[in-house]
Amino acid sequence: MANAGFHEYWVLTKPRVVALIVFTALVGMFLAVPGLPPLRETVFGLLGIWLAAASAAAINHLIDQRIDKVMVRTADRPLATGALQPAQVLAFAVFLGAASMTILIALVNVVCAALTFASLIGYAIVYTAWLKRATPQNIVIGGIAGAAPPLLGWAAVTGMRGEWDWAHALLLVLIVFVWTPPHFWALAIFRREDYARALVPMLPVTHGVEYTRWQILLYTLLLLIVTILPWVAGMSGLCYLGGALVLGVVFVWHAWRLMDPPDERYAMRVFGYSIAYLMALFALLLVDHWLAPWLRPAGVA
Ligand code: HEM
Ligand SMILES: CC(C)=CCC/C(C)=C/CC/C(C)=C/COP(=O)(O)OP(=O)(O)O
């Protein structure tokens, strides 16, 4: 357990993944209400969601120790190298999870706390301990947990009371859900030998690279369609629609090129684009909501 410090614990929280997750929750909060969302629910809601996602990420490290040791991409993780011991990681994850639940229950609301807890269990236990090892559809089903944060943000500021417009939140969840397979499978194509060695049944290992490329193309096309829905539902305006179409067409173009890629690393370019895509798409939702209300159909908040 030599040399364990802040950095090792920070790495356990998958900080960059969780940062984007928290951003999608923030967008869910802003789109939930006209004007600014309430300050306390926004600040503590984001803190609670961040702590829960970080806790889930730490549990993922704990459960995946054996796999992480075998894969080149993950071999330098704190548990794989022995920089941290399993008991330390467990204590850290429980602390983060308990802090999250305390904050959400005391300062936000129970609906948000319950949905956040379900997402934590969904990713840390259902996906990591079970689905990941069981089926090549692991990340499709497990993707529900990673896609939930816009709904968690929405729940934080509305408590899901009253009107039914929280169905709009489900559109944001649907977008992240459909985005997840091309996001992950692009990386999995490049890292397929890692997964094969670790005996993890990811799609490129079980069904081959060609089949996975087709799936990526199909999901990016579906994503292009699904991202039109916020405009169809009157939740977002033309500013969003235009941006979403441009971003989506570029994603489809990348997926199309991946069918016959210029080089082996091209899959990682698609993976990199997927991250920039989601960031930009959610930023667009926010900008559209705030800066371009005049482009939205009359009467829609
Ligand atoms: C089941 C769902 C998901 C799977 C299986 C998955 C898988 C992965 C993997 C394997 C990596 C590479 C991590 C590394 O090399 O350390 C990654 C990176 C990343 N993922 Fe995902 N992901 C999922 C969902 C999400 C979601 C929902 C978000 C955000 C909303 C997200 C955002 C990111 C970001 C920002 C990175 C880059 C991290 C970095 O540069 O360090 N992912 N993802
Ligand atoms: C409470 C809440 C909002 C939870 C969110 C859950 C969360 C942190 C989702 C992130 C998804 C992710 C990084 C999956 C990769 O796991 P992996 O084990 O396939 O990847 P790895 O090999 O890099 O560990």
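The backbone N, Cα and C atoms fix where each Cβ goes, glycine too.
All TrEMBL annotations are machine predictions without curation.
With a threshold of 8 Å between CB atoms, the same-chain residues lying at least 6 positions outside the transmembrane segment (17-36) that come near it are 42, 45-46, 49-50, 53-54, 57, 146, 149-154, 156-158, 166, 168-169, 172, 176, 235, 275, 278-279, 282, 285-286, 289-290, 301. Residues or ranges marked as transmembrane segment by TrEMBL: 17-36 (among others).
The transmembrane segment annotation in TrEMBL covers 42-63 (among others). Packing against the transmembrane segment (42-63) from elsewhere in the chain are residues 12-15, 17-18, 21-22, 25-26, 29, 77-79, 86, 89-90, 92-94, 96-97, 99-101, 103-104, 107-108, 112-113, 116-117, 119-120, 123-125, 128-129, 145, 149, 152-153, 156-157: each is 6 or more residues past its ends and has a CB under 8 Å from a CB in it.
Summarising the annotation, TrEMBL assigns transmembrane segment to 84-107 (among others).
The feature transmembrane segment is assigned by TrEMBL to 113-131 (among others). Residues of the same chain lying 6 or more positions beyond the ends of the transmembrane segment (113-131) and with a Cβ under 8 Å from any Cβ of it are 48-49, 52-53, 55-56, 59-60, 63-64, 93, 97, 100-101, 104-105, 137-139, 141-142, 144-146, 148-149, 151-152, 155.
Per TrEMBL, transmembrane segment is recorded for 138-157 (among others). Same-chain residues lying 6 or more positions outside the transmembrane segment (138-157) and placing a CB less than 8 Å from one of its CB atoms are 21-22, 24-29, 31-33, 37-38, 41-42, 44-46, 48-49, 53, 56, 104, 108-109, 111-112, 115-116, 118-120, 122-123, 126-128, 131-132, 166, 168-170, 172-177, 180-181, 184-185, 201-202.
Sequence annotations record features per position, and here TrEMBL assigns transmembrane segment to 169-190 (among others).
Long-range Cβ contacts of the transmembrane segment (211-232) within its own chain (Cβ-Cβ under 8 Å, at least 6 residues beyond either end) map to 168, 171-172, 174-175, 178-179, 181-182, 185-186, 188-189, 203-204, 238, 240-241, 244-245, 247-249, 251-252, 254-256, 258-259, 270, 281, 285. Summarising the annotation, TrEMBL assigns transmembrane segment to 211-232 (among others).
The transmembrane segment feature in TrEMBL is assigned to 238-258 (among others).
Marked as transmembrane segment by TrEMBL: 270-292 (among others).
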